[in-house]
Amino acid sequence: MALYSAAAAVLAGLERGEGGLKSLVYNSGFPHVRQLYALVSETLRYASVLEKLMDGAALLQAEKKLAPQLAKVLVYDLLFGKGLKCGGRWKALARRHRARLEAELARMKVRHKVSRNEDLLAPEKAVSAAASQVPRYVRVNTLKTCVDDVIEFFKRQGYAYLGKAASVEELKALSGKKFLLDLHLPELLVFPSQTDLHDNLLYTSGHIILQDKASCLSAFLLGPVAGSHVIDACAAPGNKTSHLAAILKNKGQIFAFDVDPKRVATMNTLLTRAGVTGCQLVQQDFLTVDPRDHKYSRVTHILLDPSCSGSGMVTRGPGEEAAPSAERLQALAGFQRRILSHALSFPALQRLVYSTCSLHQEENEDVVQAVLQEWGLAFRLVTAFPSWPCRGLTAFSGAESCLRASPAETLTHGFFVAVLERCREGAAAPSSLPAAAKENPQPGEGTEPGAAPKKRKKKKQRVK
C-alpha cells in the first residue's frame, strides 16, 4: 500500500507543478526510491492509455473515493506491471474491476489493430533541444556552508571549476565534470544537465539544494531582511522555504503553509536537513487563514507560488499532459486570483512575490492584472530584475515589469514571477529591483551580469 500511495502522491505533485519527477521521488520519504521511480515513470508513459481504459471501464464513477492518480497507478500495475504484488485493500479494490478493465484493454487493441501493450503507445516524442540543454542547478545552502567551500569540495571530487559564467552560452557549453558559478544568482552553481548529485554527500547532508534556477527567483526577488516575518503560502516541498530561511540567515519568522499532512511531513524532513530554524509549519489551507490573526500582524513579506498547470516543467515524464484544457485553466486561474487577493489582505504586508511554473497567460499576467484592478491603488508592480532577458507578456500596461523564464532563452524551466509592493503615499513610478537589493543587499549582490559576488568575511561550517 505504501508504494502505491507514494506513487500517487508523486503524480499529484507533478500535476501541481511542485517539482520534477526525480526531485519529487527523492523527496517523497519512500525508502526504495528506484522502485518508486520506475513505477511512476511507467505509469506516466502509459498515462493516456490508462485514462482511456479507466473511462471505458467507468472505474472512477464506480469508485468515487478513489483518487485519479492512485487509480492510474493501480491500473498500470494490474494490467501492464507486476500484477499488484502489494497494495492491501487497494489491490482488492482494483481486482474487483479486473474483468472490465481487461475487456476494455482487449477492445482497445482491436480498435488500434495491435497485439502488444507497447504498441498502444504513441511514438516517443524526442526531447526538445532546448529542454535537453537545461543544466543541473545547485543552490548552495548558506545556512550550513558557503560557496567557496562547496567549490573546493567539488574540485576535490574531480570536478573542474570554470569560474563565474559571463553568458548563457557558457552554460550551454558545459560538459563532463565541469561547473560554473551562475551569471545571475551568486549562490547558484551550474553543472551539465546529466549530472546526478542525489547520492552526493553535500546533498544528503543538506549543504546543497538541487533546485532549478527559475525556482530560486521567487525567494531571491522577495529578499526579506533578517528579522522579517514571512509567509510561504503554498510551501511544500520546501525548497523555496529553505531559501527564504537562508536569506533571513535564520533570523526572523517564517510561516509555511500546506494543507496536505504528507507534504508537510516531507517539508519538515527537508527543512530539518537544511538546518532551518525559526520556521513554523502550518497544516492549513492558506485561504482559510485569518489575515487579522495577531500572530501574523508582523508579516511584511509573502511568497505565493500556488498550484498551477505546471506547463513550464521541462522534465515532465512521458505521458504527462503539457496542455491543460480551457476548463482546467479557468479553474486554476480562478483559484489563483482568490489566493493572491487573500494574500494582499494581510495588514502589514509590504511586498509579495507571485510565481508559477506555468507558461499560460491565464495563470500569470491575467491573474496579476485582475487582482491589481481589484485592489486599485493599494499595490503596484515592481520591475523585477531589469537585466533579465525575458519579460512578461504585454497583456496590460506594466506587464513588462513581470519576469518570465524559459528553456530556450534562460536555460531554465518555464516560470513566471511578479513582484507586488504596497504603495506609499507620494510614491512615484514603480521601483526597480535588480534582486531585492534595496531592502536586502546580501542576496542581491553580484546579480547583474559582470558583477562579482561580495566576499564573505566569515565562513560557515567547512565541508570536509
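Note: Cβ is positioned from N, Cα and C throughout, glycine not excepted.
Automatic, uncurated: that is what TrEMBL annotation is.
Summarising the environment of Cys357 (active site, nucleophile), the number of other Cβ atoms within 10 Å of its Cβ, over all protein chains shown, is 27. Annotation source TrEMBL lists active site, nucleophile at Cys357.
Neighbours of Asp285 (S-adenosyl-L-methionine binding site), defined as other CB atoms within 10 A of its CB across all chains, total 14. Residues or ranges marked as S-adenosyl-L-methionine binding site by TrEMBL: Cys234, Ala235, Ala236, Pro237, Gly238, Asn239, Lys240, Asp258, Asp285, Asp305.
Sequence-remote contacts of a segment are chain residues at least 6 beyond its ends whose Cβ falls under 8 Å from one of its Cβ atoms, and for the coiled coil (91-118) they are 49, 52-54, 56-59, 62-63, 66, 74-75, 78-80, 84. Look at TrEMBL and you will find 91-118 tagged as coiled coil.
Per TrEMBL, compositional bias 'Basic residues' is recorded for 453-464.
As a whole-number mean, the pLDDT of the domain 'SAM-dependent MTase RsmB/NOP-type' (126-423) in this prediction is 92. Among the features that TrEMBL reports, domain 'SAM-dependent MTase RsmB/NOP-type' is placed at 126-423.
The region 'Disordered' annotation in TrEMBL covers 430-464.
All protein chains shown were included, and the count of other CB atoms within 10 Å of the CB of Gly238 (S-adenosyl-L-methionine binding site) stands at 30. With respect to their backbone Cα atoms, Lys240 (S-adenosyl-L-methionine binding site) and Cys357 (active site, nucleophile) stand 13 Å from each other. Among the residues Cys234, Ala235, Ala236, Pro237, Gly238, Asn239, Lys240, Asp258, Asp285, Asp305 said to bind S-adenosyl-L-methionine, no two Cα atoms are farther apart than 19 Å. It is 15 Å from the Cα atom of Gly238 (S-adenosyl-L-methionine binding site) to that of Cys357 (active site, nucleophile).
Here the binding-site residues are Cys234, Ala236; the one with the fewest Cβ atoms within 10 Å of its Cβ is Cys234.
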